[in-house]
Amino acid sequence: MGLFKKLATALGLSKYEARIVVVGLDNSGKTTLINNIKPKKASTFEVTPTVGFQVESFAKDNLNFTIFDMSGQSRYRELWGHYYREVQAIIFVLDCTERVRMCVAKEELDELLTHPDVSNSCTPILIFANKMDLPGALSAVDCMEQLDLQRISNKPWQIEASNALTGEGIDRGLEWLAEKLRGRK
Ligand SMILES: Nc1nc2c(ncn2[C@@H]2O[C@H](COP(=O)(O)OP(=O)(O)OP(=O)(O)O)[C@@H](O)[C@H]2O)c(=O)[nH]1
Ligand SMILES: [Mg+2]
């Protein structure tokens with residue numbers, strides 16, 4: 001069974017529209033990661049910074065997925081909160097080479113975790129420690145410590161190292177997500 005079919009099966013309905021929001025600082029690799037997941041990723045298009053947000057709807061394994069690709073630029077980050085209520089899962093993408101901005105990423109994650117639509121929900125949060133291929137990238141364990149992820153005790157979370165250009169690590173993360181959603185049924 002394909003990964004998306006598994007995710008949808010986990011969500012319980014065959015004609016389900018699975019909704020996922022993808023957030024994280026600008027340049028962390030959100031759009032690249034989504035392009036990697038999308039069908040027809042072979043098409044060569046240049047990734048440019050997202051303005052506001054973009055909605056990606058596509059069918060995979062005969063199921064409909066809607067992914068909200070949010071801009072990470074500071075002036076658009078306030079938009080993220082409008083989608084938490086709408087989705088079954090949140091993906092937070094980190095650039096694990098950006099040691100200096102790790103504290104900004106932590107602040108944004110704090111905002112996310114204290115948002116009323118997140119703090120009282122058990123929406124699973126999948127964090128990608130992205131750009132693992134670049135020299136000087138922090139490991140997933142280092143990122144976990146820097147973001148103090150272990151304090152998250154009331155909802156499932158997971159961190160996976162990823163390379164959004166090649167897709168390495170992405171399937172592992174999505175497998176985890178499918179598992180958690182299955183557990184919520
Ligand atoms: N080496 C490497 N480069 C990556 C990876 N993921 C993304 N990039 C590059 O990082 C840059 C930013 O990627 P985007 O996908 O546009 O980042 P974003 O998070 O969508 O950025 P905003 O839309 O501005 O919030 C692009 O040049 C990508 O090619 C990765 O895993 N490894
Ligand atoms: Mg983008």
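Cβ coordinates come from backbone N, Cα and C, glycine included.
TrEMBL: automatically predicted annotations, no manual curation.
Over in TrEMBL, the protein carries these features:
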| type | residues | note |
| --- | --- | --- |
| BINDING | Gly24, Leu25, Asp26, Asn27, Ser28, Gly29, Lys30, Thr31, Gly72, Asn130, Lys131, Met132, Asp133 | GTP binding site |
| BINDING | Thr31, Thr50 | Mg(2+) binding site |
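Location within the structure of each feature annotated in TrEMBL.
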residue : record              : DSSP class
Gly24   : GTP binding site    : coil
Lys30   : GTP binding site    : helix
Thr50   : Mg(2+) binding site : coil
Gly72   : GTP binding site    : coil
Lys131  : GTP binding site    : coil
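With respect to ligand 2, the binding-site residues Ser28, Lys30, Thr31, Thr50 contribute Lys30, Thr31, Thr50 as residues with a C-beta closer than 6 angstroms to one of its atoms, given in sequence order. Between the CA atoms of Thr31 (Mg(2+) binding site) and Gly24 (GTP binding site) there is a gap of 11 Å, rounded to the nearest whole number.
Counting every protein chain shown, the Cβ of Lys131 (GTP binding site) has 24 other Cβ atoms within 10 Å. Straight-line distance linking the Cα atoms of Gly24 (GTP binding site) and Thr50 (Mg(2+) binding site), rounded to a whole number, equals 12 Å. Shown are the binding-site residues Ser28, Thr50; of these, the residue with the fewest other Cβ atoms within 10 Å is Thr50.
Contacts of Asp26 (GTP binding site) defined by a Cβ separation under 8 A and a same-chain sequence distance of 6+ are given as Pro49, Ser71, Gly72, Gln73, Ser74, in order along the sequence.
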